[in-house]
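Remarks on the structure that follows.
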């Protein structure tokens, strides 16, 4: 049973606050282990990576077999059925089209003093993408990470994917091929992150690492941050559905379950202005849980972290949504655009009853790597911006320096930074003398 | 004596690599102390903040005196001389004008399937700005952090600035006033970061914390990251000047010294295609170091981390610059725009001999909070983007869902996420049936 909350009940604030602050994930403390692995890879390079891969993935590699050859990729993806290949290609095309629109513009202008100011965007030179092995090896995540990198203009994109016992998901290789990935390494865990960040004889270092991973991968990404850039450290997935009574309870139930089935720590919340509809959705969830393949996972998530909240009206729903700051927000109401304008803090919004969140996981176009754990209050989903950086530009003329230089000199003096002031003053004296 | 390197010497690669990897800063390990302070503030709120402020800043506060009142700010800034006030206002106006141009656009479009896609930018609701006390209490940094936040549309902007023994820099308060800061607290250190991140009875929590600070502040920011957003953790400042012989050696010397005077760990590097000019600049540095107020600091930085590199031509200079990825890059050459197009990785570029880096610290317009320690390879200076986040939007029509839904269902099945597929299938069946 999920929790049922009523926004007009006297204990609502207390229960809602408890729901918001529920600790859904206990990260094991693997930091010491990860630190040793990173040091080992920094010191011994390929040899360390090969030893650790033998130990953790039961796979014997050599420097020559660390990377998949093009022929190996060809062979692996040959057997992918046409339907899946076409689906991946459709997804890739839509993701590419969406992210191409995100490319920001350079600017340059001359201001009233004659100074030329502006900025320029440029891509990171090399990026690494971590792809988990085993169950969580999602080809869709390869597309969602690799395509924005390539759209941004990343010159070299390397994938690390562990292949325990030599097993690899051909769809992951196909997704990498479709996305334009340049190198694919058969390595995983903290050793893969260390190899990408610091480089080995075989694996050139990258400047930025993105992609999901287990606790070891997450801890390694935290450790190498600074040496390279990283994306967010994602928590378990979440969905908030705001739905009025004019919806099919079964559709809403399936949307809630499509987050719950990811992970026992996932969280699915329904907010509705109709208590009866809320009960109907909960019943539909129970019914679907009787037969769902991943019912053990989805059932645990729904039981432990699921919630159905009844509100007086949709404005109250928007206010609660902004406190939750959900990763995914579905607006199944008569005026989703109007309600969307009031739900400020969300990673992604899905509007109307024909936009199940699963569309966004695969083929909608927007990225499915989104801020979790209320971080949509201050952060955004993955985009081309994660693979770009901005250089600011300025060029003074003598006239511009005369106009604004004295103010810089004054402020430098007030901050007791004499050389700063002198670097301006020396030029002004020449110009004025 | 700084290092003199010649790019055509046989040992150059080795020496340049050593220069790049020189460890310039030893951060003391204050993590355990900081963890205790944060826990204390989370548990005891105002009482903990007040006790810690008494202990570290020798200042007795009450919940009522944690914040400056408007009258206190008025009184403190009354004595600021007109010249400094005008200089701050000129700087603020220019920083505001530059950052207003950074505001990104929302987008929404309908694609060929009839799906509406897009994104929307919104500001973080509340931000906190840390301002160091004492020597490093720079009013220019208040402007550089607070103005982008306000331009982005941050509703509530709180400053924390320690006032050891009750001493405060009136220019910091004036800069906060000019920037539109909403609240100013007399607190510092890890306790200030904890109070901003978790809130106390008196201080409401914020969503994002920016601004420089000592090792305790940096460690606290790392710890609260995830609960709130943070800006980068800045390292010591750096400048790279690329200059040909047609420059005044004294001007270039002053530009190098204006980084060196910040910090003994700062790094100033000159690359020139004229060995004689390089020696002349080094002599000019020595001469200025005889009288410079901060000669002890600047001299140590120049001696320990400074370098003069002679190259064969400016293309070689650009290639080295890209390996250094400097925070500040001055291009004092005949064609700075042409050379600038080749220097891809840099936080900020200053073009031509009339653009000393100090202009950018105060009044140029671009931000002076920039990526250090080679992180310009993958990150950017502070901007309005640090105070905005993007929500992606999608809305399918029945036709759009018919067009792309089957591909989503196919990919969901291939990832063994049944509920994802069913959430699409249930809708398609209704539409088709």
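Each residue, glycine too, has its Cβ placed from N, Cα and C.
Binding of Zn(2+) is attributed by TrEMBL to B:259, B:262, B:420, and the same site annotation extends, among B:182, B:315, B:335, B:361, to B:361. TrEMBL lists B:259, B:262, B:328, B:361, B:415, B:420 as binding substrate, and of B:237, B:383, B:394 the one it places in that same site is B:237. With every protein chain in view, the residue among the binding-site residues B:262, B:328, B:420 whose Cβ has the most Cβ partners within 10 Å turns out to be B:420. Contact annotation for chain A: of the listed binding-site residues (B:130, B:214, B:237, B:361, B:415, B:420), B:361, B:415, B:420 place their CB atoms under 8 A from a CB atom of that chain.
Listed recorded positions near residue B:237 (substrate binding site): B:327 (candidates B:130, B:191, B:214, B:327; Cα-Cα distance within 10 Å). Between the farthest pair of Cα atoms in the substrate binding residues (B:237, B:259, B:262, B:328, B:361, B:415, B:420), the distance is 55 Å.
Spacing of residue B:420 (substrate binding site) relative to residue B:327 (active site, proton acceptor) is 46 Å (Cα to Cα, whole number). If you compare Cα positions, residue B:259 (substrate binding site) sits closest to B:327 out of the recorded positions B:191, B:214, B:327. Taking the binding-site residues B:214, B:259 in turn, the residue surrounded by the fewest other Cβ atoms inside 10 Å of its Cβ turns out to be B:214. Compute the center of the Cβ atoms of B:130, B:191, B:214, which mark the site for NAD(+); besides them, the chain residues with Cβ within 8 Å of that center are B:132, B:160, B:162, B:188, B:189, B:190, B:192, B:193, B:213, B:216, B:217, B:220.
Fewest Cβ neighbours within 10 Å among the recorded positions B:327, B:361, B:415: this applies to B:415.
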